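**Q** Pulled the feature table from TrEMBL, pasting it below:
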- 38-287: domain 'G-protein coupled receptors family 1 profile' (DOMAIN)
- 20-47: transmembrane segment (TRANSMEM)
- 59-76: transmembrane segment (TRANSMEM)
- 88-117: transmembrane segment (TRANSMEM)
- 137-159: transmembrane segment (TRANSMEM)
- 192-213: transmembrane segment (TRANSMEM)
- 234-258: transmembrane segment (TRANSMEM)
- 270-289: transmembrane segment (TRANSMEM)
Amino acid sequence: MENQTVTDFILVGFTDIRWLQILLFFLLLVIYLLTLLGNLVIIAITLLDHRLQTPMYFLLRNFSVLEIALISNSIPRALFNLASGTKLISWGVCFAQCFFYITVGTAEFFLLASMSFDRYVAICKPLHYVSIMSNQLCTQLVLGSWITSCLYVIVPFILLARLPFCGPNIINHFYCDTMPMVKLACTDTQNLQFFGLLLATGSILGTFSINITSYIKIFSAVLRISSTSGRQKAFSTCISHLIVVTTTYSSCIFMYLSPAGSGRMDLSKTVAVFNHVVGPLLNPFIYSLRNKQVKEALKDTISQMLKFVKGAKM
């Protein structure tokens with residue numbers, strides 16, 4: 001086996017117990033469908049409701065697109081493996097899954113930073129908000145997030161594609177990720193691992209610093225507001241985004257920037273479930289339940305749909 005090229009990997013997944021696999025299949029299926037529904041609702045109402053035709057909701061809509069892309073990259077394959085009982089995944093599919101996950105994840109970091117900047121301008125420079133957060137700038141921020149993330153990861157993935165794999169081929173995860181793959185290569189990968197760590201540090205901590213700087217300035221401006229109602233209104237416009245920033249960055253910092261240790265892979269897998277599955281599920285509810293405009297738009301949309309259904313029956 002040492003001189004043979006590996007063409008397939010084995011994803012360890014969650015468990016080898018069959019009844020647990022079936023239970024997990026239905027659980028993940030429900031979560032996946034709810035996640036699609038929640039994010040599609042956010043996309044739909046921000047497109048259709050005129051009250052939500054603002055830069056903040058334009059960025060939120062594109063964030064929901066990324067959330068759908070992120071969970072759809074890993075969960076359908078995990079569902080297939082759980083349903084069929086197989087754990088095999090081809091090298092090509094594994095590589096594509098890994099590339100797409102890192103690209104989308106990096107784009108999310110840049111977009112979260114853009115959303116923080118939007119909140120900073122809205123609260124700290126309200127008189128210039130319309131002129132600064134123009135449609136052109138918002139489009140550039142979204143396209144820039146995608147283009148920058150692709151350029152950011154292309155070099156390490158070219159290097160990853162050239163690595164030889166000759167066994168073992170077992171990945172202790174439920175999806176293909178860079179570090180587990182790199183560690184299976186039958187050559188010295190220290191330089192590539194260090195390069196990957198530098199890029200991860202730059203994308204995670206670099207964009208995190210933009211978020212932190214924006215919120216420091218936001219909190220400073222809010223605390224200078226004399227009225228309690230004014231402070232509460234200002235905080236309410238950014239608290240949902242702050243929750244998402246906190247949960248997203250804390251999980252990714254643990255997975256990619258914390259030191260390796262005994263048993264870390266199993267714990268990292270658990271954190272990845274939160275980042276991959278729980279986060280995309282909860283984020284639409286975090287943004288909608290904490291946002292009066294979204295709740296009103298959703299209520300009006302449901303009301304119009306019910307009227308349409310009643311009219312169709314008559």
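Just so you know, glycine gets a Cβ as well, placed from its N, Cα and C.
Fair warning: this is a prediction, and the values are worked out from it, not measured in the lab.
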**Q** Would the transmembrane segment (234-258) count as touching the transmembrane segment (88-117), if touching means at least three Cβ pairs under 8 Å and pairs must be 6 or more apart in sequence?
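**A** In contact, yes.
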**Q** Does the structure show the transmembrane segment (270-289) and the transmembrane segment (137-159) touching, where I'm treating 3 or more Cβ pairs under 8 angstroms (sequence separation 6 or more) as a contact?
**A** no
**Q** Taking 3+ C-beta pairs under 8 angstroms (sequence gap of 6 or more) as contact, is the transmembrane segment (192-213) in contact with the transmembrane segment (20-47)?
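**A** The answer is no, given that the two segments have fewer than 3 Cβ pairs within the 8 Å cut-off.
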